[in-house]
Every structure is written in C-alpha cells, then in structure tokens.
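First up is the structure itself, then whatever we jot down about it.
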Amino acid sequence: MAPNKPLLLVDRFGRVVNYLRVSITDRCDFRCVYCMAEDMEFLPRSQILSLEEIRTICRAFVELGVKKIRVTGGEPLVRKGVVDLLRDIGSMPGLNELVLTSNGSRLAEMAADLRAAGVKRLNISLDTLDPDKFRELTRTGNLQRVLDGIAAARAAGFERIKLNAVVMKNRNHHEVADLVQFALDNSLDISFIEEMPLGQVDRHHRGESYYPSDAIRRDLSSRFNLQAVADTTGGPSAYYRVQGSASRVGFISPHSANFCGSCNRVRLTAEGRLLLCLGNEHSVDLKRVVREQPGDIAALKQAIVAAMQIKPEKHEFNIHEQPVILRHMNATGG
Ligand code: SAM
Ligand code: SF4
C-alpha cells in the first residue's frame, strides 16, 4: 500500500465503514419503556472508557477514514466533560461531521455550548406531545424540559435538527401526524423508528406493540403529501419530503425494510466493545487494547482493521420472540 494513502475500513461484503457511533455512557436520566427495564444495573465506572480512551479510539478511527462520528449513549449529556470531549473529536483532521443524539433533557442549558464545540447536527428523541404519556413512556421524563431543550437547540443554530420517535401500537401510534405537524411548525426533520428487540423490557410485549413503517405512512397520508427523496445522511432512514415544506420525514424500519446492504457503520459501547452490528453480538474488546498498550495507536488501528473481517452480513430480528440480543439499547449506542 502506498505510504500516504489513507487506510480504508472495508468488510468481507465490500461495504466501506466510514461512520462510528460512540456511546459515552450507559447511564441515563430517563428509563424509556422500549429501551430499558425499570430496574437497571449500570456498569461500574472502572469498566467505562475514560474520556481520554474515547478520544484515542476516535482518533484511530478517523485516521482509518471514518468521516462521521455520532456521540450517543445512554444519555451522552449526563457524562461530565462531554463538551470538551466533543470539541476534541470535532477538531480531528479528516472528520467531516460530528453529530449527537440526546433525549433533550439537558439541552436547554447545553445547546449553545454543544454548537460552539463543533456539533453540526442533533437528533432529539420525542415520542409524544402529551405530558402524561411522555412521563409514562420515559418513566422519569418531563416533556416541557425537552420542549425547552428543542427551542434552545433551534436558537443555537445547528445545521439540522431531527426528532426521533419510536412508534408503538396503542401507546403513541395515533400521534404520528401531530408529531409531523410539530416538526413542520418548528422546521425540524423527524424519523419514525420501528422498535427493536434489544434487551428484556418489562412493560409491554414487543410483538404486540409492533407498528410497521407502512402503517405510519398510511396514517400520515390523510394529512400530508409525502414524496420519496433520495436524500441520505449516511444513516438507515428512508426519507420523504412533506410537500410545501423543507422538513423531511424518515422511516427506520429494521423489520419491514432491512437496511443492512448499505450499512456503513460500527458502534463503540461505553465499556469499549466495538460492535460490528446492532443486531448481532460480534465484537472486539478495544478497551483491552487501549489499556494494555496505552498510547499505541498503531495497535488500536490494527485491531480495528482486523475487526472488519467479522462484521456480519445482516441482522435477524424477530419481534415476536424473546430477544436474542440481551444488551439494551442504552448499552448499545443507538
Ligand atoms: N438517550 C439518547 C436518546 O434517547 O436520544 C441517546 C441514546 S438512545 C439509545 C438512541 C435512540 O435509540 C433513541 O432515539 C431511542 O428512541 C432509540 N431506541 C432506544 N431503544 C430502542 C429500541 N428498543 N428500538 C428502537 N429504537 C430504540
Ligand atoms: Fe435513555 Fe435514550 Fe434509552 Fe430513553 S432511549 S432510556 S433517553 S438512553
């Protein structure tokens, strides 16, 4: 290989990996019913990557050609030092895009600092506009705080803000049109997500609450004219534009429209496991590499390149059966 040519991360199926999602904590101030059980045990701090270790791993990925990093969790904004970490990652030469996913609970205080730190785009989770339902779905959350956070994020001038809504039959499926209207009124994008069977949950049966993207599109069609667009932000959403507005409506359909063929991403968990696929357990322990050979970025890069060989072809979710994947979404880095 030519000495100055950047290495590329390519898996056995020819897919180029240029997108890393980093979970910087498994902790969260919410307990969303689709994401967590009510009683969760979080990882002891010694098992969580330090901010320095996260920086080093991100640097290795960027040197290997990763162009986009999404910082997520758990709730990333509950981790101390997150703004400095984002600034450091955002200034890495070669990285084009630093983006963040948040539940919005701390955005009212932090949005301006996040924008100043170099975060370009923001995803904010919002499943309902009804305060009681919001409390029921998040178990601990306060809708008004999140709405204030969204307003602060709009004022801070992010390039794009997207809402994420997990849609569950008989819980919030009847609100999809109101959520789109809220997105339009606030010049936001919105993606609807089919619930994935990650980890045991205790408030509902996932097969019974499954609400497919097709049904959402049908529900929306009586109020909005949706036109399919080829826009891609490098993620798994299929996008539509609402006629007469700049907002886009996306559908993330892990069950009804498998998106694995174009998968360009891997995930780093808070405890330093590099997960090669959301729906499989194939992983490599990068924490061991950074702790056994601190500062040896070449060793880290070698481990990451080798990991591409075990990236699975696709996920196989079955919403009607007990989850095969025992880790919850907060431990996965959604
Ligand atoms: N706490 C932040 C938040 O809620 O936006 C970031 C982490 S959260 C795990 C990332 C995304 O995963 C959120 O949009 C959330 O709705 C989604 N999510 C969590 N559990 C899920 C599940 N079982 N199926 C589908 N999406 C899920
Ligand atoms: Fe927390 Fe996000 Fe999971 Fe909700 S979806 S419990 S906000 S990590």
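Here the Cβ of each residue, glycine as well, is placed from N, Cα and C on the backbone.
Note: TrEMBL annotation is automatic and uncurated.
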Matching residue for the S-adenosyl-L-methionine site, where TrEMBL names GLY74, SER125, MET196 - out of TYR34, TYR211: TYR34
Further GTP ligand in TrEMBL, beside ARG21, THR101, LYS162, ARG265, VAL266, ARG267, within candidate set ARG55, ARG59, ARG70: ARG70
Nearest of the binding-site residues (ARG21, CYS32, CYS35, GLY74, SER125) to CYS263 ([4Fe-4S] cluster 2 binding site), judged by Cα-Cα distance: ARG21
DSSP-derived structure type at CYS28 ([4Fe-4S] cluster 1 binding site), helix or strand or else coil: coil
Secondary structure at CYS260 ([4Fe-4S] cluster 2 binding site), reduced by DSSP to three states: helix
CYS260 ([4Fe-4S] cluster 2 binding site) versus binding-site residues CYS32, ARG70, GLY74, SER125, MET196 - nearest by Cα: MET196
Surrounding CB atoms that lie within 10 Å of the CB of ARG21 (GTP binding site), all protein chains: 22
Nearest recorded site to ARG267 (GTP binding site) by CA-CA distance, among binding-site residues CYS28, TYR34, SER125, MET196, CYS277: CYS277
Which same-chain residues, if any, lie at least 6 apart from CYS277 ([4Fe-4S] cluster 2 binding site) yet have Cβ under 8 Å of it: CYS260, CYS263, LYS311, PRO312, LYS314, HIS315
